[in-house]
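Working notes, beginning with the structure itself.
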Amino acid sequence: MERKDQCILISGESGAGKTEATKKILQYYAVTCPASQQVETVKDRLLQSNPVLEAFGNAKTLRNDNSSRFGKYMDVQFDYRGAPVGGHILNYLLEKSRVVHQNHGERNFHIFYQLLEGGEEDLLRRLGLEKSPQQYHYLVKGQCARVSSINDKNDWKIVRRALTIISFNDSEVEDLLSIVASVLHLGNVQFAADEQGNAQVTTENQIKYLARLLAVEGSVLRDSLIHKKIIAKGEELISPLNLEQAAYARDALAKAIYGRTFSWLVNKVNKSLAYKEGEFPGWRSTTVLGLLDIYGFEVFQHNSFEQFCINYCNEKLQQLFIELTLKSEQEEYESEGIAWEPVQYFNNKIICDLVEEKFKGIISILDEECLRPGDATDTTFLEKLEETVKNHPHFLTHKLADQKTRKSLGREEFRLLHYAGEVTYSVAGFLDKNNDLLFRNLKETMCNSENPIINQCFDRTELTDKKRPETAATQFKNSLSKLMEILMSKEPSYIRCIKPNDAKQADRFDEVLIRHQVKYLGLMENLRVRRAGFAYRRKYEVFLQRYKSLCPETWPTWDGRPHDGVAVLVKHLGYKPEEYKMGRTKIFIRFPKTLFATEDALEVRKQSLATKMQATWRGFYRRKKFLHMKHSAITIQSWWRGTLGRRKAAKKKRAVETIRRFIKGFIYRNYPRCPENEYFLDYIRFSFLMNLKRNLPKNVLDKSWPTPPPSLCEASQLLRQLCMQNMVWSYCKRISPEWKQQLEQKVIASEIFKGKKDNYPQSVPRLFINTRLGNEEINAKVLQALENEAIKYAVPVIKYDRKGYKARARQLLLTQNAVVIVEESKIKQRIDYANLTGISVSSLSDNLFVLHVHCEDNKQKGDVVLQSDHVIETLTKTAMRADKVNNVNINQGSIKFTVGQGKEGIIDFISGSELLIAKAKNGHLTVVAPRLNSR
């Protein structure tokens, strides 16, 4: 809330739970911080950086199954809302010696065992590895390859997933694991001495694996492991190595590869965590929370250079704790004029000076011994210590100790009395580890590597830099000094981890061990200072700014001095004299409950103000919204009016142009097509075509057609023909075969009788029937006599005798080949179609007709005079069946017909009021046909 950078210092001895506390803090922030897609990505990367760094930087020790073998300081960046937007990690002094050596009961770094236990078969085959850790010399030193509390296979899955989350691609993972595998193969490189005592590589297979994994020349690597390049007076000298030197070179290369790869890994994680302004626009101001998770105080049976550096680091942190809590707090009370009784405490500055003081400190002496010419050894370093710091109360050696103490001190050991207790260090290896040297030719080989990670870890500028690099102890001291500056610049909080027992068991509390930790951590002194002191203190300006809304006199602004404003404020809040003190620049509140009550009141006030502000804001917002909507409406209205006006003007303009073109076209309408009349002509044609579209004939009988303009007369005629053809085609396509037959008969009837016979119009609307008599109405003997001749049409008729013209009922049958006249059960006359010469009928409305036959045919008695109520239908079907359409004669006045051999008869037709058929006195057959209103 106050936009201050803060840090949390997590301290405690090895195995007390510092790493777990760091995880819990990160998990807490991951759960409670505001969420968004970008923030979730950052939170995932912050959380997943832990398993990766633990795999490469943690190991099982005697005191802790997941001991941090490096120091870690993580900065988490937060935006103004309190959401994490980035992070950065600083690492300190990785215990590289663990790569090549582990004490009994301890393991190498977790990643080696995770890779062997969890790696896929194909991956291990590419790396040239076997699943058993017993196959690798660097993993069997501690004789503790498997631990019941560690599931390497499951941890491997977690690490692989974490690498993906923190932006490792498949190629980078493959390169990284190749380096891990190369360290194991390096440990299996063995040497043998030749006749001159020079070392020779005996495990050529391991060199092949190393050459492939590190992407270097195998022969060059082999030579680099058994030779040393020295530059003396500008000349390069190559000297062979003995067995001990070759083993040292191999181990030094393994440590250098792993240590530099670990630093590269931290940088890679930092790139993934880096605050990216593009992903969080507008969040340029960030606040930092630092988390310090660093190795705890260590006391082993055998303590070396690493434990010396680790415990020195813990001394510095303890000193910082003293400075920020015990010393600075008491000094603040005195400077602020607060009555105070000093609390005594142990200040470990004397131990820090013993280690880091210039020219006199242990680190200075160690560096001097490493850099001086001559034969410097670990023993000469110890002797120099005894000579320089022999009178220091916190330093002791075998030579300086009394008789009793000498029994517990070796001749190559020295003892320091730390704030946490006595620790005995063996000087063996101090110089080598401090120098941290890697032969030049090994550096050159690594600089030529084509493995991208190795190539970045070994910078070629090292080969040309003639400046001697800083020793490991000096680098560590300088990095600690910078860390102290970082921590001092932030507002600190503390987590002190207490280890309950040394057996790593749950629910077991070792009272002596716990009391010892409480004592050396200075917790009792800190508790006394806190109890006697004040829980909260703030500058008057800050306190007034935060709580001024609780007092009417200080809200909303206070014009006087901040001191006076705070006095008015606490009086209004009802603080009792024993609950607070007023210093020179700050107010001090003794009890947390007093502050909590003030915070509760502030929260209530905030809610009240928030309610009022919400109401005010709602009114302001609604008025602002109304004005905005009003302005928008006016803008839209004016725009729309303008649009309508422009549209109207454009429409008028187009109308004027159209009228002008129309008038000009009308003037030039009779001229050939030209620019002056083309619009008019097109419009006339378009109008005609559109009118035609709306008024097309509905059927083939509809003869209507719009009158075309002169220019379209020819086109109109063609369109009319096409339209008629189309209607006819459509109509024909729809009719059935039966209806087609009906129409064909009607067409023939029209051709024969239309305009020629008076009663034809009455037959037009009546459909022709297939037959007027069913088979049941025709005598069976007649049907039998006709045998296989199918009857196509049958109709009842009246036959008039040739002599006397007596009327007799008969049946007219049309077969496939003949006309048959039937009287009940007898066939009276059969006229083949070939013998039928014609058909005669009058033009009046009577129903008589005459069938003319060949006179030469002896079978025929003469022409046949018949009457049918369906004369038009009967004659049409007879003419079509006999193919005599053109032989139908329509006579006016009279019809002559053959009665017999050489004899003729005459039928006279006259118009009358009603139908009458009778024999006249002249011997003719007279037919009176009734007159019809219209034809």
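Glycine too: its Cβ is placed from the backbone N, Cα and C atoms.
As written in TrEMBL, here are the features:
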DOMAIN    1-603  domain 'Myosin motor'
BINDING   Gly12, Glu13, Ser14, Gly15, Ala16, Gly17, Lys18, Thr19  ATP binding site
REGION    480-502  region 'Actin-binding'
DOMAIN    757-931  domain 'TH1'
Distant-in-sequence Cβ neighbours of Glu13 (ATP binding site), under 8 Å, six or more positions away:
Arg63, Gly296, Phe297, Glu298, Ala420, Lys499, Gln517
CB-centroid shell, 8 A cutoff, ATP site Gly12, Glu13, Ser14, Gly15, Ala16, Gly17, Lys18, Thr19, site residues removed:
Asn64, Gly296, Cys497, Lys499
DSSP-wise, what's the residue breakdown of the region 'Actin-binding' (480-502) into helix, strand and coil?
9 helix, 6 strand, 8 coil
Within a 10 Å radius of its Cβ, which of these binding-site residues (Ser14, Thr19) has the fewest neighbouring Cβ atoms?
Ser14
Does anything in the same chain, at least 6 positions from Gly17 (ATP binding site), have a Cβ under 8 Å from its Cβ, and if so what?
Cys497, Lys499
Could you please provide the mean pLDDT value for the domain 'Myosin motor' (1-603)?
89
Please identify which of Gly12, Gly15 has the densest Cβ environment, defined as other Cβ atoms within 10 Å, among these binding-site residues.
Gly15
Near Lys18 (ATP binding site), how many other Cβ atoms are within 10 Å of its Cβ?
24
Neighbouring C-beta atoms (10 Å sphere around the C-beta of Ala16 (ATP binding site)):
21
